[in-house]
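One structure below.
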Amino acid sequence: MAYSFLPQDSYNDRRNFPISFSGLPVFEDAAGAIWFPSLYDESGDFKRLKRTVSLGEVTDSNSGSISSNGSISRTSSTSSLSSVPRLQFRDHIWTYTQRYLAAEAVEEAAAAIVGAEEGGGVAGDGGSGDGMKLVQQLISCAEAVACRDKSHASLLLSELRANALVFGSSFQRVASCFVQGLADRLALVQPLGTVGYIAPKMNIMDIASEKKEEALRLVYEICPHIQFGHFVANSSILEAFEGESLVHVVDLGMTLGLPHGQQWHSLIRSLAKRPGPSPCLRITAIGLCIDKFRVIGDELETYAIELGLNLEFSVVESNLENLKPEDIKVVPGEVLVVNSILQLHCVVKESRGALNSVLQIIHELSPKVLVLVEQDSSHNGPFFLGRFMEALHYYSAIFDSLDAMLPKYDTRRAKMEQFYFAEEIKNIVSCEGPARVERHERVDQWRRRMSRAAFQPVPLKMLAQAKQWLSSINACEGYTIVEEKGCLVLGWKSKPIVAASCWKC
(Lines of atoms letter the chains of each structure in order from A and count residues from 1; the text may use other names and numbers.)
(Lines give C-alpha, C1' and ligand atoms only; values in the text may rest on other atoms or scores of the structure.)
Protein backbone atom coordinates (compact mmCIF):
# COMPACT_ATOMS: atom_id res chain seq x y z
CA MET A 1 0.00 0.00 0.00
CA ALA A 2 1.37 3.44 -0.91
CA TYR A 3 1.31 6.36 1.52
CA SER A 4 1.34 10.06 0.75
CA PHE A 5 2.67 12.46 3.38
CA LEU A 6 2.23 15.72 1.49
CA PRO A 7 -0.58 18.17 2.00
CA GLN A 8 -3.09 17.97 -0.83
CA ASP A 9 -2.03 21.27 -2.38
CA SER A 10 1.60 20.14 -2.46
CA TYR A 11 0.62 16.92 -4.14
CA ASN A 12 -1.35 18.79 -6.76
CA ASP A 13 1.60 21.08 -7.41
CA ARG A 14 3.89 18.12 -7.93
CA ARG A 15 1.39 16.32 -10.11
CA ASN A 16 1.03 19.28 -12.43
CA PHE A 17 4.70 20.21 -12.78
CA PRO A 18 5.89 17.42 -15.09
CA ILE A 19 2.86 17.75 -17.32
CA SER A 20 2.28 21.41 -17.96
CA PHE A 21 4.43 23.35 -15.47
CA SER A 22 1.28 25.34 -14.74
CA GLY A 23 1.89 28.29 -12.47
CA LEU A 24 5.68 28.07 -12.85
CA PRO A 25 7.29 31.31 -14.01
CA VAL A 26 10.30 31.14 -16.29
CA PHE A 27 13.62 32.95 -16.43
CA GLU A 28 14.82 34.56 -19.61
CA ASP A 29 18.42 35.51 -20.25
CA ALA A 30 19.90 37.91 -22.77
CA ALA A 31 20.51 35.18 -25.31
CA GLY A 32 16.87 34.28 -25.50
CA ALA A 33 17.19 31.13 -23.43
CA ILE A 34 14.25 30.11 -21.30
CA TRP A 35 15.06 28.53 -17.92
CA PHE A 36 12.91 26.53 -15.56
CA PRO A 37 13.73 25.95 -11.88
CA SER A 38 16.03 23.02 -11.06
CA LEU A 39 14.13 19.73 -11.01
CA TYR A 40 14.94 16.09 -10.41
CA ASP A 41 15.66 13.84 -13.37
CA GLU A 42 14.75 10.17 -13.42
CA SER A 43 18.07 9.16 -11.88
CA GLY A 44 17.44 11.34 -8.83
CA ASP A 45 19.94 14.03 -9.81
CA PHE A 46 19.05 17.69 -10.01
CA LYS A 47 18.83 19.03 -13.55
CA ARG A 48 18.30 22.49 -14.94
CA LEU A 49 16.03 22.52 -17.96
CA LYS A 50 16.96 24.88 -20.77
CA ARG A 51 15.57 25.56 -24.20
CA THR A 52 16.96 28.18 -26.54
CA VAL A 53 14.30 29.83 -28.67
CA SER A 54 14.50 31.88 -31.78
CA LEU A 55 14.05 35.64 -31.87
CA GLY A 56 10.66 35.17 -33.46
CA GLU A 57 9.51 33.06 -30.54
CA VAL A 58 10.76 35.61 -28.06
CA THR A 59 8.91 38.47 -29.70
CA ASP A 60 5.73 36.50 -30.34
CA SER A 61 2.94 37.66 -28.04
CA ASN A 62 0.27 35.13 -28.99
CA SER A 63 -1.33 33.07 -26.24
CA GLY A 64 -0.21 29.52 -25.78
CA SER A 65 1.26 26.96 -23.36
CA ILE A 66 4.06 24.49 -22.93
CA SER A 67 3.14 21.43 -24.94
CA SER A 68 4.18 17.85 -24.26
CA ASN A 69 6.84 17.95 -27.00
CA GLY A 70 8.52 20.99 -25.45
CA SER A 71 7.28 23.67 -27.89
CA ILE A 72 6.68 26.99 -26.22
CA SER A 73 4.30 29.81 -27.01
CA ARG A 74 3.59 32.87 -24.92
CA THR A 75 0.57 33.93 -22.94
CA SER A 76 1.89 37.50 -22.82
CA SER A 77 4.63 39.60 -24.29
CA THR A 78 8.17 39.77 -23.03
CA SER A 79 7.46 43.21 -21.70
CA SER A 80 4.63 41.90 -19.54
CA LEU A 81 6.99 39.34 -18.04
CA SER A 82 9.50 42.02 -17.18
CA SER A 83 6.77 44.07 -15.56
CA VAL A 84 6.47 41.54 -12.73
CA PRO A 85 8.39 42.82 -9.67
CA ARG A 86 11.68 40.95 -9.51
CA LEU A 87 11.40 40.22 -5.79
CA GLN A 88 8.00 38.56 -6.00
CA PHE A 89 9.00 36.82 -9.22
CA ARG A 90 12.07 35.27 -7.60
CA ASP A 91 10.21 34.23 -4.46
CA HIS A 92 7.44 32.66 -6.53
CA ILE A 93 9.93 30.47 -8.36
CA TRP A 94 11.89 29.66 -5.21
CA THR A 95 8.78 28.64 -3.26
CA TYR A 96 7.36 26.41 -5.96
CA THR A 97 10.71 24.79 -6.61
CA GLN A 98 10.99 23.95 -2.91
CA ARG A 99 7.50 22.44 -2.95
CA TYR A 100 8.35 20.30 -5.96
CA LEU A 101 11.58 19.11 -4.36
CA ALA A 102 9.67 18.31 -1.18
CA ALA A 103 7.42 15.96 -3.11
CA GLU A 104 10.37 14.24 -4.77
CA ALA A 105 12.29 13.82 -1.52
CA VAL A 106 9.30 12.57 0.44
CA GLU A 107 8.31 9.84 -2.04
CA GLU A 108 11.24 7.54 -1.24
CA ALA A 109 12.30 8.61 2.23
CA ALA A 110 8.86 8.71 3.82
CA ALA A 111 7.93 5.33 2.38
CA ALA A 112 11.17 3.93 3.77
CA ILE A 113 10.42 5.37 7.21
CA VAL A 114 7.00 3.74 7.23
CA GLY A 115 8.45 0.43 6.08
CA ALA A 116 11.17 0.48 8.71
CA GLU A 117 8.82 1.50 11.51
CA GLU A 118 5.87 -0.80 10.83
CA GLY A 119 6.91 -2.80 13.84
CA GLY A 120 5.93 0.06 16.12
CA GLY A 121 8.45 2.88 15.71
CA VAL A 122 6.22 5.40 13.97
CA ALA A 123 3.02 4.13 15.44
CA GLY A 124 4.14 4.61 19.01
CA ASP A 125 1.81 4.19 21.93
CA GLY A 126 -1.08 5.92 20.23
CA GLY A 127 -1.48 3.57 17.30
CA SER A 128 -0.58 3.78 13.64
CA GLY A 129 -3.03 6.64 13.01
CA ASP A 130 -1.30 8.95 15.46
CA GLY A 131 2.07 7.91 14.10
CA MET A 132 1.06 8.75 10.55
CA LYS A 133 -0.30 12.09 11.67
CA LEU A 134 3.01 12.89 13.38
CA VAL A 135 4.93 12.07 10.19
CA GLN A 136 2.59 14.26 8.13
CA GLN A 137 2.88 17.16 10.57
CA LEU A 138 6.66 16.94 10.67
CA ILE A 139 7.03 16.94 6.89
CA SER A 140 4.44 19.70 6.47
CA CYS A 141 6.31 21.79 9.02
CA ALA A 142 9.62 21.22 7.20
CA GLU A 143 7.95 22.32 3.97
CA ALA A 144 6.59 25.47 5.61
CA VAL A 145 9.99 26.31 7.07
CA ALA A 146 11.63 25.73 3.66
CA CYS A 147 9.15 28.13 2.09
CA ARG A 148 9.69 30.65 4.92
CA ASP A 149 6.02 30.53 5.86
CA LYS A 150 6.52 31.55 9.49
CA SER A 151 2.87 31.66 10.55
CA HIS A 152 2.02 28.19 9.25
CA ALA A 153 5.31 26.71 10.49
CA SER A 154 4.80 28.17 13.98
CA LEU A 155 1.33 26.68 14.17
CA LEU A 156 2.61 23.25 13.17
CA LEU A 157 5.51 23.49 15.63
CA SER A 158 3.05 24.09 18.46
CA GLU A 159 1.16 20.94 17.52
CA LEU A 160 4.36 18.94 17.10
CA ARG A 161 5.69 19.91 20.52
CA ALA A 162 2.58 18.37 22.07
CA ASN A 163 2.97 15.10 20.12
CA ALA A 164 6.73 14.60 19.77
CA LEU A 165 7.61 13.38 23.26
CA VAL A 166 11.18 13.04 24.52
CA PHE A 167 10.24 9.81 26.37
CA GLY A 168 7.73 8.52 23.81
CA SER A 169 8.12 5.95 21.05
CA SER A 170 11.31 5.87 19.00
CA PHE A 171 9.76 8.03 16.28
CA GLN A 172 8.27 10.48 18.78
CA ARG A 173 11.72 10.91 20.29
CA VAL A 174 13.49 11.42 16.97
CA ALA A 175 10.70 13.78 15.92
CA SER A 176 11.32 15.86 19.05
CA CYS A 177 14.93 16.37 17.93
CA PHE A 178 13.82 17.47 14.47
CA VAL A 179 11.26 19.82 16.01
CA GLN A 180 14.09 21.51 17.92
CA GLY A 181 16.04 21.86 14.68
CA LEU A 182 13.07 23.25 12.76
CA ALA A 183 12.36 25.78 15.49
CA ASP A 184 15.99 26.93 15.43
CA ARG A 185 15.96 27.21 11.64
CA LEU A 186 12.68 29.14 11.64
CA ALA A 187 14.20 31.65 14.05
CA LEU A 188 17.18 32.15 11.73
CA VAL A 189 15.56 32.42 8.31
CA GLN A 190 14.24 35.72 7.05
CA PRO A 191 10.64 36.05 5.82
CA LEU A 192 9.64 36.10 2.16
CA GLY A 193 10.64 39.30 0.44
CA THR A 194 14.13 39.42 1.98
CA VAL A 195 17.41 37.97 0.85
CA GLY A 196 19.78 35.65 2.64
CA TYR A 197 20.03 33.70 5.85
CA ILE A 198 20.75 35.06 9.33
CA ALA A 199 23.91 33.50 10.72
CA PRO A 200 23.49 31.95 14.17
CA LYS A 201 24.94 33.98 17.01
CA MET A 202 26.58 30.89 18.46
CA ASN A 203 27.51 27.46 17.22
CA ILE A 204 24.48 25.19 17.46
CA MET A 205 26.86 22.44 18.65
CA ASP A 206 27.88 24.40 21.75
CA ILE A 207 26.52 22.48 24.73
CA ALA A 208 28.00 21.72 28.11
CA SER A 209 31.23 19.87 27.36
CA GLU A 210 30.74 17.45 30.25
CA LYS A 211 27.33 16.35 28.97
CA LYS A 212 28.59 16.01 25.42
CA GLU A 213 31.63 14.04 26.53
CA GLU A 214 29.49 11.70 28.62
CA ALA A 215 27.08 11.19 25.71
CA LEU A 216 29.99 10.39 23.37
CA ARG A 217 31.33 7.87 25.88
CA LEU A 218 27.91 6.21 26.13
CA VAL A 219 27.58 6.04 22.34
CA TYR A 220 30.99 4.36 22.18
CA GLU A 221 30.15 1.85 24.92
CA ILE A 222 26.56 0.99 23.95
CA CYS A 223 26.33 1.47 20.18
CA PRO A 224 28.68 -0.45 17.85
CA HIS A 225 29.08 2.49 15.43
CA ILE A 226 32.44 3.84 16.65
CA GLN A 227 33.74 0.46 17.80
CA PHE A 228 33.11 -0.86 14.29
CA GLY A 229 35.24 1.94 12.86
CA HIS A 230 38.03 1.21 15.33
CA PHE A 231 37.96 -2.50 14.55
CA VAL A 232 38.23 -2.00 10.79
CA ALA A 233 40.84 0.74 11.16
CA ASN A 234 43.08 -1.23 13.53
CA SER A 235 42.84 -4.37 11.40
CA SER A 236 43.93 -2.39 8.34
CA ILE A 237 46.69 -0.58 10.25
CA LEU A 238 48.09 -3.81 11.68
CA GLU A 239 48.21 -5.28 8.19
CA ALA A 240 50.07 -2.19 6.93
CA PHE A 241 52.55 -2.44 9.83
CA GLU A 242 53.32 -6.11 9.25
CA GLY A 243 57.10 -6.67 9.45
CA GLU A 244 57.90 -2.97 10.00
CA SER A 245 60.12 -1.65 12.82
CA LEU A 246 59.25 2.07 12.69
CA VAL A 247 55.57 2.93 12.35
CA HIS A 248 53.60 6.17 12.56
CA VAL A 249 49.87 6.85 12.94
CA VAL A 250 48.49 10.31 12.12
CA ASP A 251 45.08 10.53 13.82
CA LEU A 252 42.71 13.23 12.57
CA GLY A 253 40.63 14.39 15.52
CA MET A 254 41.32 11.42 17.83
CA THR A 255 37.77 10.05 17.29
CA LEU A 256 36.01 13.29 18.26
CA GLY A 257 38.22 13.53 21.34
CA LEU A 258 36.91 10.29 22.84
CA PRO A 259 38.48 9.98 26.32
CA HIS A 260 41.27 7.48 27.06
CA GLY A 261 42.17 6.75 23.43
CA GLN A 262 40.49 3.34 23.36
CA GLN A 263 41.41 2.71 19.73
CA TRP A 264 45.12 3.01 20.42
CA HIS A 265 45.03 0.91 23.59
CA SER A 266 43.85 -1.93 21.38
CA LEU A 267 46.49 -1.25 18.71
CA ILE A 268 49.33 -1.08 21.27
CA ARG A 269 48.18 -4.36 22.80
CA SER A 270 48.10 -6.06 19.39
CA LEU A 271 51.56 -4.77 18.40
CA ALA A 272 53.05 -5.86 21.73
CA LYS A 273 51.72 -9.40 21.26
CA ARG A 274 53.39 -9.88 17.90
CA PRO A 275 56.34 -12.28 17.81
CA GLY A 276 59.81 -10.78 17.53
CA PRO A 277 60.98 -7.28 18.45
CA SER A 278 58.21 -4.77 19.03
CA PRO A 279 58.18 -1.84 16.60
CA CYS A 280 58.71 1.78 17.61
CA LEU A 281 55.30 3.43 17.42
CA ARG A 282 54.63 7.13 16.86
CA ILE A 283 51.14 8.63 17.19
CA THR A 284 50.42 12.20 16.08
CA ALA A 285 47.07 13.62 17.19
CA ILE A 286 45.66 16.53 15.17
CA GLY A 287 43.03 18.82 16.65
CA LEU A 288 42.32 21.75 18.93
CA CYS A 289 41.71 19.84 22.19
CA ILE A 290 45.41 19.75 23.03
CA ASP A 291 44.99 19.46 26.81
CA LYS A 292 42.68 16.49 26.42
CA PHE A 293 44.97 14.94 23.81
CA ARG A 294 48.02 15.27 26.08
CA VAL A 295 46.19 13.53 28.91
CA ILE A 296 45.32 10.73 26.51
CA GLY A 297 48.94 10.63 25.30
CA ASP A 298 50.26 10.26 28.84
CA GLU A 299 47.88 7.35 29.45
CA LEU A 300 48.93 5.66 26.21
CA GLU A 301 52.65 6.07 26.89
CA THR A 302 52.25 4.58 30.37
CA TYR A 303 50.28 1.67 28.94
CA ALA A 304 52.88 1.08 26.21
CA ILE A 305 55.72 0.99 28.76
CA GLU A 306 53.83 -1.63 30.76
CA LEU A 307 53.68 -3.82 27.63
CA GLY A 308 57.30 -3.18 26.63
CA LEU A 309 56.47 -1.04 23.58
CA ASN A 310 58.27 2.18 22.69
CA LEU A 311 55.66 4.90 22.03
CA GLU A 312 56.17 8.55 21.10
CA PHE A 313 52.99 10.65 21.29
CA SER A 314 52.78 14.19 19.89
CA VAL A 315 50.03 16.75 19.30
CA VAL A 316 49.52 19.18 16.41
CA GLU A 317 47.30 22.05 17.53
CA SER A 318 45.32 22.79 14.38
CA ASN A 319 41.96 22.18 12.82
CA LEU A 320 41.98 20.30 9.53
CA GLU A 321 41.25 23.37 7.40
CA ASN A 322 44.39 25.14 8.64
CA LEU A 323 46.65 22.08 8.65
CA LYS A 324 50.00 22.44 6.85
CA PRO A 325 52.32 19.67 5.62
CA GLU A 326 55.18 20.91 7.80
CA ASP A 327 53.02 20.52 10.91
CA ILE A 328 53.46 16.75 10.76
CA LYS A 329 56.94 15.46 11.52
CA VAL A 330 57.84 12.51 9.31
CA VAL A 331 60.90 10.36 10.07
CA PRO A 332 62.76 8.81 7.11
CA GLY A 333 62.16 5.08 6.79
CA GLU A 334 58.96 4.97 8.82
CA VAL A 335 55.68 3.52 7.57
CA LEU A 336 52.91 6.09 7.95
CA VAL A 337 49.15 5.58 8.06
CA VAL A 338 46.37 8.16 8.44
CA ASN A 339 43.33 7.46 10.61
CA SER A 340 40.09 9.43 10.18
CA ILE A 341 37.10 8.37 12.29
CA LEU A 342 33.95 10.48 11.69
CA GLN A 343 36.10 13.50 10.92
CA LEU A 344 36.51 14.43 7.25
CA HIS A 345 32.84 15.25 6.68
CA CYS A 346 33.37 18.35 8.82
CA VAL A 347 35.56 19.91 6.12
CA VAL A 348 33.19 19.16 3.25
CA LYS A 349 31.97 22.58 2.10
CA GLU A 350 29.98 23.86 -0.86
CA SER A 351 33.16 24.79 -2.73
CA ARG A 352 34.99 21.49 -1.95
CA GLY A 353 38.19 23.56 -1.54
CA ALA A 354 38.69 22.80 2.17
CA LEU A 355 38.40 19.04 1.75
CA ASN A 356 40.60 19.05 -1.35
CA SER A 357 43.27 20.93 0.58
CA VAL A 358 43.21 18.40 3.43
CA LEU A 359 43.34 15.45 1.04
CA GLN A 360 46.23 17.05 -0.83
CA ILE A 361 48.20 17.39 2.42
CA ILE A 362 47.47 13.76 3.29
CA HIS A 363 48.56 12.69 -0.19
CA GLU A 364 51.85 14.54 0.23
CA LEU A 365 52.54 12.46 3.35
CA SER A 366 52.43 9.33 1.12
CA PRO A 367 50.63 7.15 3.67
CA LYS A 368 50.66 3.43 3.12
CA VAL A 369 46.99 3.43 4.12
CA LEU A 370 44.33 6.06 4.79
CA VAL A 371 41.45 4.65 6.82
CA LEU A 372 38.20 6.55 6.31
CA VAL A 373 35.16 5.90 8.53
CA GLU A 374 32.08 8.08 8.00
CA GLN A 375 28.32 8.13 8.52
CA ASP A 376 26.78 6.57 5.41
CA SER A 377 23.95 8.95 4.56
CA SER A 378 23.30 11.92 2.29
CA HIS A 379 23.02 14.91 4.63
CA ASN A 380 24.87 17.35 2.38
CA GLY A 381 22.48 17.77 -0.53
CA PRO A 382 21.89 21.22 -2.07
CA PHE A 383 18.27 21.46 -0.91
CA PHE A 384 17.04 21.63 2.66
CA LEU A 385 14.00 19.38 2.21
CA GLY A 386 16.06 16.59 0.65
CA ARG A 387 18.54 16.73 3.54
CA PHE A 388 15.69 16.81 6.03
CA MET A 389 14.09 13.63 4.70
CA GLU A 390 17.41 11.79 4.44
CA ALA A 391 18.26 12.73 8.01
CA LEU A 392 14.80 11.75 9.24
CA HIS A 393 15.16 8.31 7.70
CA TYR A 394 18.72 7.87 8.98
CA TYR A 395 18.16 8.93 12.58
CA SER A 396 14.83 7.06 12.77
CA ALA A 397 16.85 3.87 12.25
CA ILE A 398 19.35 4.88 14.96
CA PHE A 399 16.61 5.70 17.48
CA ASP A 400 14.90 2.42 16.62
CA SER A 401 18.14 0.57 17.43
CA LEU A 402 18.37 2.40 20.76
CA ASP A 403 14.82 1.25 21.49
CA ALA A 404 15.93 -2.34 21.02
CA MET A 405 19.03 -1.96 23.20
CA LEU A 406 17.78 0.00 26.22
CA PRO A 407 14.60 0.21 28.33
CA LYS A 408 12.15 3.01 27.65
CA TYR A 409 13.06 5.28 30.57
CA ASP A 410 16.79 4.55 30.66
CA THR A 411 18.61 7.84 31.31
CA ARG A 412 21.63 6.65 29.30
CA ARG A 413 19.50 6.53 26.18
CA ALA A 414 18.11 10.01 26.85
CA LYS A 415 21.64 11.38 27.25
CA MET A 416 22.82 9.84 23.96
CA GLU A 417 19.76 11.06 22.10
CA GLN A 418 19.67 14.61 23.49
CA PHE A 419 23.39 15.41 23.80
CA TYR A 420 24.88 13.51 20.87
CA PHE A 421 22.44 12.54 18.12
CA ALA A 422 20.13 15.54 18.67
CA GLU A 423 23.10 17.88 18.28
CA GLU A 424 23.92 16.32 14.90
CA ILE A 425 20.26 16.55 13.84
CA LYS A 426 19.98 20.21 14.85
CA ASN A 427 23.15 21.07 12.97
CA ILE A 428 21.88 19.36 9.80
CA VAL A 429 18.42 20.92 10.02
CA SER A 430 18.99 24.42 11.38
CA CYS A 431 22.42 25.51 10.13
CA GLU A 432 23.72 26.73 6.79
CA GLY A 433 27.09 27.87 5.49
CA PRO A 434 30.18 27.40 7.69
CA ALA A 435 28.01 26.66 10.74
CA ARG A 436 26.73 23.43 9.14
CA VAL A 437 29.50 20.92 9.83
CA GLU A 438 27.56 17.63 9.91
CA ARG A 439 27.83 17.15 6.14
CA HIS A 440 27.57 13.38 5.98
CA GLU A 441 27.72 11.77 2.55
CA ARG A 442 27.19 8.31 1.14
CA VAL A 443 30.11 6.01 0.52
CA ASP A 444 29.66 6.33 -3.26
CA GLN A 445 30.21 10.08 -2.99
CA TRP A 446 33.33 9.51 -0.90
CA ARG A 447 34.64 7.17 -3.61
CA ARG A 448 34.29 9.95 -6.16
CA ARG A 449 35.93 12.51 -3.88
CA MET A 450 38.85 10.25 -3.05
CA SER A 451 39.40 9.29 -6.67
CA ARG A 452 39.48 12.94 -7.70
CA ALA A 453 42.14 13.48 -5.03
CA ALA A 454 44.32 10.76 -6.66
CA PHE A 455 43.69 8.10 -4.00
CA GLN A 456 43.19 4.47 -4.99
CA PRO A 457 40.83 2.12 -3.13
CA VAL A 458 42.20 -0.72 -1.02
CA PRO A 459 39.47 -3.39 -0.82
CA LEU A 460 38.63 -4.51 2.70
CA LYS A 461 38.66 -8.31 2.68
CA MET A 462 37.61 -8.94 6.25
CA LEU A 463 33.85 -9.44 6.11
CA ALA A 464 33.98 -12.76 7.96
CA GLN A 465 36.20 -11.29 10.68
CA ALA A 466 33.94 -8.25 10.99
CA LYS A 467 30.84 -10.42 11.44
CA GLN A 468 32.68 -12.49 14.01
CA TRP A 469 33.66 -9.30 15.83
CA LEU A 470 30.02 -8.12 15.80
CA SER A 471 28.97 -11.37 17.45
CA SER A 472 31.77 -11.16 20.01
CA ILE A 473 30.62 -7.78 21.38
CA ASN A 474 27.06 -9.10 21.83
CA ALA A 475 25.57 -6.42 19.60
CA CYS A 476 21.81 -6.18 19.56
CA GLU A 477 20.10 -8.39 16.99
CA GLY A 478 19.29 -6.23 14.00
CA TYR A 479 22.79 -4.91 13.34
CA THR A 480 24.35 -6.14 10.12
CA ILE A 481 27.70 -5.82 8.34
CA VAL A 482 27.88 -6.09 4.56
CA GLU A 483 30.61 -5.60 1.99
CA GLU A 484 29.91 -3.04 -0.71
CA LYS A 485 32.42 -2.48 -3.50
CA GLY A 486 35.38 -3.09 -1.24
CA CYS A 487 33.96 -1.15 1.72
CA LEU A 488 32.38 -2.48 4.91
CA VAL A 489 29.05 -1.02 5.97
CA LEU A 490 27.47 -1.36 9.41
CA GLY A 491 23.68 -1.10 9.25
CA TRP A 492 20.54 -1.45 11.30
CA LYS A 493 17.87 -3.63 9.67
CA SER A 494 19.30 -2.99 6.17
CA LYS A 495 19.64 0.79 6.72
CA PRO A 496 23.34 1.82 6.34
CA ILE A 497 24.69 3.63 9.40
CA VAL A 498 28.52 3.76 9.16
CA ALA A 499 30.84 2.89 6.26
CA ALA A 500 34.56 2.11 6.45
CA SER A 501 36.95 2.24 3.52
CA CYS A 502 40.73 2.17 2.94
CA TRP A 503 42.79 4.16 0.44
CA LYS A 504 46.38 4.41 -0.78
CA CYS A 505 48.34 6.92 -2.85
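Including glycine, each Cβ sits where the backbone N, Cα and C put it.
TrEMBL does not curate its annotations; it predicts them automatically.
Annotation comment: TrEMBL describes 59-79 as region 'Disordered'.
Residues annotated as compositional bias 'Low complexity' in TrEMBL: 61-79.
Residues or ranges marked as motif 'VHIID' in TrEMBL: 247-251. Counting residue by residue with DSSP, the motif 'VHIID' (247-251) contains 0 helix, 5 strand, 0 coil.
Under the heading region 'PFYRE', TrEMBL lists 336-427. Averaged across the region 'PFYRE' (336-427), the predicted model reaches a pLDDT of 94.
As annotated by TrEMBL, region 'SAW' applies to 430-504.
Mapped onto DSSP classes, the region 'SAW' (430-504) shows 24 helix, 26 strand, 25 coil.
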